[in-house]
Amino acid sequence: MEKVNFRTQILSGHLQNHRHATTATICASPCVSYVPPEVSEQPFSFDVASMRKLMDGHNLGDRDWLFNLMVQSELFNPRLRGGKVFVAPDYNQSMEQQREMTMKRIEYLLDRGVFKGWLTGKGPEAEMKKFALLEVIEIFDYALAIKIGVHFLLWGGAIQCFGTKRHHDEWLSATENYLIKGCFAMTELGHGSNVQGIETTATYEANTGEFVINTPFESAQKYWIGVAANHATHAVVFSQLNIDGNNQGVHTFITQIRDENGNIYPNIRIADCGHKIGLNGVDNGRIWFDNLHIPRENLLNSVADVSPDGKYLSAIKDPEQRFAAFLAPLTSGRVAIAVSAVYSAKISLAIAIRYALTRRAFSITANGPELLLLDYPSHQRRLLPLLAKTYAMSFAGNYLKLLYLKRSPQLIKTIHVVSSAFKATLTWHNLRTLQECREACGGQGMKTENRIGQLKGEYDAQPTFEGDNYVLMQQVSKALLAEYVAAKMRNKPFKELGLEHMNRSCPVIPAQLISSTLRNTQFQNDIFCLRERDLLNRFAAEVSQYRAQGESKESAFVVSYQVAEDLGKAFSDRAILQSAIEAENNVTDASLKIILGLLRSLYVLVMLEEDAAFLRYEYLSTDNAAAVRKEVAKLCSEIRPQALALVSSFGIPDAFLSPIAFDWVAANSWSAVEN
């Protein structure tokens, strides 16, 4: 009734004004206008430059240099909208045009030294610079980054990891200078995640000293091979190695597929994978091999070799361990994908939150001003938890890069498990963030120039390539179970994969959770560790039960998938939280610590609220779950005044955002149409 009475009063006022219209002066209604949030919002409570340094972690000068390099060139499609220049790919171009433009941009970056040292540089500084520059390229165009990543991280990484000095000398410098263009021919029509099952064959002929590569079935055609459709001259081909009728498992071979003029080599057929829902700047192709002869020296032989007379040689006798060694280049790819997902989430949040700080809708008082979108608690609840997660995952991405830099035989398992967990968790988060931000921008979110909608298509492949996310999470759970079984059998403490908390007594969660407890770091760490240890115990018990009933180990894993998925998520969330806590502990500035504490608490409590496992397994009572929900709303309202500062800390230049992040009125004005 209150709404009815309110509307009646408004209508009555309109009618009364209409009766006196002949004598009253006609006045224009105030126009909706754009007010920059830098003007309307309160001063920042912390130093944005310091927060950006913490978030990006490294090579800020190199990042800014590359941002400026791209803005300066017409190749990066600069356009004036609302008084500002923005750069982004032109998605109105055809697939063929996008591919050629991607290659032209690579040539531009090459000529300006962007790729110098990416394969020939030594030490952690060179690797971190490569990561930083690739992250900047991803912010502009993920297709461009993918094409570069295939060439350097996959093809180049395979040469580095699987090859020996003769391969390094012949291929690394040529790759870095794009004298050749490489691709990574692993996946097939019939086998993607199950690499051990691939069907391409490489048979050794001792009389000629050559391997013969074949595609024996249609399902064995190499599929989704980035850069293969148009530009690649060489490929690392994953094949089953056959010697005298014995299959030695999956090995890798260098194969030239085109000459210097782009002509496809004899005994090779290449077809296009066609138009995709995103990443059309990448030329994905399909490859068939018909009795292709390659020299014996083209076997990448750091893991295994074949002598001229056909003897198989390897220091790694276990076929499973040999196969694991062949997957090493995928780790760098997973690291890059996980981190790129965080930067994509940053783009969409920066755009959506800036828009929400200037766009108004509805008034809640009679004749009062319309409210900013971000002043609605419901809108805060949509975006600010995603912002808190993105901060936590940004620190996780930095931790993952540093872990990768320390890679050694002793750390291979840890790096594989952490990169698999983070790749899955961070890419899922990115897609959810993109969708929520698209919706939060209303109709403007549908426009390609505003980036978010287009990014959804560009990043939609992330849960699939470099390992299906669900498969990766199952691998995480299997690794945790193996560590659990080994520790129990040895009757020794846990010492790997972050499971050291299992050596301590089981955390006890208070019966009644109050605000101060919910925001306490110890409580937050305890409840995440409690979930992980309980789920690991449950997973071990369930697999053991199925084994006792006669199921094979693999079958027991398959039927225990629900607990396995919960466990993989618990491991990932706990590792992300610990990386966020470590980043926070390394900060000395009090103002940064305060906002980081709020973000950490919001991250944890949103995870408690969203993951049904906390209620399903009774880590939280229903009353405590209600307390968590109430605290989430409070934290959102406390973080709201610093929303602009938090997205400004991402360090993404204005030109790489979109028109609705700034003066969206001017960008959509009639004068903009005329110009």
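Using N, Cα and C of the backbone, Cβ positions are placed for all residues, glycine too.
In TrEMBL, annotation is done automatically, which means it is predicted and not curated.
The domain 'Acyl-CoA oxidase/dehydrogenase middle' feature in TrEMBL is assigned to 183-291. For the domain 'Acyl-CoA oxidase/dehydrogenase middle' (183-291), DSSP puts the residue distribution at 6 helix, 51 strand, 52 coil.
Using a 10 Å radius centred on the Cβ of Thr187 (FAD binding site) and all shown protein chains, the other Cβ atoms total 18. Taken from TrEMBL, the feature FAD binding site covers Thr187, Gly226.
If you look up TrEMBL, you'll see 330-481 marked as domain 'Acyl-CoA oxidase C-alpha1'.
In the structure as shown, the Cβ atom of Glu466 (active site, proton acceptor) sits within 10 Å of 27 other Cβ atoms. Annotated active site, proton acceptor per TrEMBL: Glu466, in sequence order.
Annotated domain 'Acyl-CoA oxidase C-terminal' per TrEMBL: 527-657, in sequence order.
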Local Cβ density at Gly226 (FAD binding site) - other Cβ atoms counted within 10 Å: 25
Arithmetic mean of per-residue pLDDT over the domain 'Acyl-CoA oxidase C-terminal' (527-657): 97
